[in-house]
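Heads up: the structure comes next, in structure tokens.
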Amino acid sequence: MEWDLFRYRNFRTFTTPSSRQFVSLAADQSGEVICAGTLDSFEIFVWSMKTGRLLDILSGHEGPVHGLTFSPTNAILASSAWDKTIRLWHVFEGKGSVEPLPHTHDVLTMVYRPDGKQLACSTLDGQIHFWDPINGDLMYTIVGRRDIAEGRLMIDRRSAANSSSGKCFTTLCYSADGSYILAGEVGNTFVLLRRFQITHNLSLDGVLDFLNSKNMTNAGPVDLIDDDNSDTEEGVDKRT
């Protein structure tokens, strides 16, 4: 249903050919179309905002379409479902823009970065994945389950190490400049995350992959011991 916020009345109703249960909703930036994801048929319905006419039905998910969000820079619709995938759609063309983005667990929520060049999603195993929505490549992953752990209460029977088991982030939000992401879970925990580099991965040539202990002596590896006469190297003529 579409409501007039000035007159507080419903003036348009969006319908489907048959009865469906909706669990997600999203409108594009221009306000031309509105999309809704279903719980039972795993489809996405697309309507015209101005006329209320059903424009298209997007199918492909194999589980409830629990999340919908539009890119802030174009008409690309991202949909997440409980089939462990995210799909990106050209709404006005009625087809996918890239191959489905696979995950190892069900996707709970997702959000675009303000510049539209990154898509973050939270999965049931407590991880946050960051995708390139243009090429469909996984950029990096944050294991956030440890950040959700709240310790142990006196009345708890589980240890603190197991208190975070089964917890996950249910909502995500980028900062205005896209440098931070705020993650929340069902409870009283909010985590502010920022990605930064903590190691430098370098490849060193000339390093032995396997070291034979038979070649080790008290003075070090046999290959590194100089057998030449040290006095000769120093220019000293040692005579017997």
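Cβ coordinates come from backbone N, Cα and C, glycine included.
Annotated in TrEMBL:
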type	residues	note
COMPBIAS	224-234	compositional bias 'Acidic residues'
REGION	221-240	region 'Disordered'
REPEAT	58-91	repeat 'WD'
REPEAT	100-141	repeat 'WD'
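With DSSP classes pooled into helix, strand and coil, the tally for the repeat 'WD' (58-91) is 0 helix, 19 strand, 15 coil.
Helix, strand and coil counts under DSSP for the repeat 'WD' (100-141) come to 0 helix, 24 strand, 18 coil.
For the repeat 'WD' (100-141), the residues of the chain that approach it from at least six positions outside its boundaries are 60, 63, 66-67, 69-74, 76, 78, 80-88, 148, 164, 167-174, 176-178, 181, 183, 193, 195, judged by C-beta separation under 8 angstroms. In the predicted model, the repeat 'WD' (100-141) shows an average pLDDT of 91.
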